[in-house]
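Worksheet: one structure, shown below.
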Amino acid sequence: MVKSHKRTLEKDEEHQEKKKANKISKDDMEIDAELLTQQASDSAHTDTATAAVAAVNNEQGKELEQTESSTNQTSALDKDDKETKDNLNPREETQSSHQEIDIPKDQLTNQQNLADQHQQYQYHQQLAQTNFKTEPTNSAKPPHGSEEWHRQRRENHKEVERKRRESINTGIRELARLIPTTDTNKAQILQRAVEYIKRLKENENNNIEKWTLEKLLTEQAVSELSASNEKLKHELESAYREIEQLKRGKK
């Protein structure tokens, strides 16, 4: 009887410790959920983070409720076993004591599962906070006429001038590759380019005049050859008729 009473006290203590652990885990999860909700409310994307945390909270709550119900069922069964053991002989108490050794192991397993679930819950919280951080807002423009406004205007002007000079330099380098020159000075390159373009223009005009004259001469030659061809054609027809008449006269 003393042993069974001790076991009963030990089980009651373990049951109380388990309830305390479950309660602490619930409190920790509720506190973490509140902190996460407050942090996420400052962001424009808090709805998704809150939904994710609520889903994890519901799952953890259901698991804890299932664990508590299983614990209550286990404690009820333990009470029934105690009442039955009081009416059994010492031999049966000895046999049942060997079977009760596995109960603390189950409780340790449940506590380990609760600890793992709490760690997983914290991991989901950290993941939600990482994924839904607010983006930094752009700084406001300086007021018109202020020193900062003038400074930015000067910098913008310098940037425009730099791009313009870079574009001009790129064009001059491309021009130096196209014209036959070995000069490296920009002014000389431009002067050479102007002279080269003028020569090309003069050559083009000369070629146009040359091609126009050649075209006229070719058309004149074609006309003369056509007239000569017609003349030869008529002479050939006259000769053919004379030959036909001579053949008929011989017959």
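Along the chain as shown, residues are numbered 1 onward.
Note that Cβ sites are derived from N, Cα and C of the backbone, with glycine treated the same way.
Annotated region 'Disordered' per Swiss-Prot: 1-169, in sequence order.
What Swiss-Prot records for 7-28 (among others) is compositional bias 'Basic and acidic residues'.
Taken from Swiss-Prot, the feature compositional bias 'Low complexity' covers 40-56 (among others).
What Swiss-Prot lists as compositional bias 'Polar residues' is 67-76 (among others).
Residues annotated as compositional bias 'Basic and acidic residues' in Swiss-Prot: 77-105 (among others).
According to Swiss-Prot, the feature compositional bias 'Polar residues' maps to 107-116 (among others).
With DSSP classes pooled into helix, strand and coil, the tally for the compositional bias 'Low complexity' (117-126) is 10 helix, 0 strand, 0 coil. The compositional bias 'Low complexity' annotation in Swiss-Prot covers 117-126 (among others).
Residues annotated as compositional bias 'Polar residues' in Swiss-Prot: 127-140 (among others).
Taken from Swiss-Prot, the feature compositional bias 'Basic and acidic residues' covers 144-167 (among others).
Summarising the annotation, Swiss-Prot assigns domain 'bHLH' to 152-200. Summarised by DSSP class, the composition of the domain 'bHLH' (152-200) is 42 helix, 0 strand, 7 coil.
If you look up Swiss-Prot, you'll see 190-223 marked as coiled coil, on the strength of sequence analysis. Per-residue confidence over the coiled coil (190-223) averages out at a pLDDT of 93.
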Cβ-Cβ under 8 Å with the coiled coil (190-223): same-chain residues at least 6 beyond its ends: 172, 175, 178-181, 183
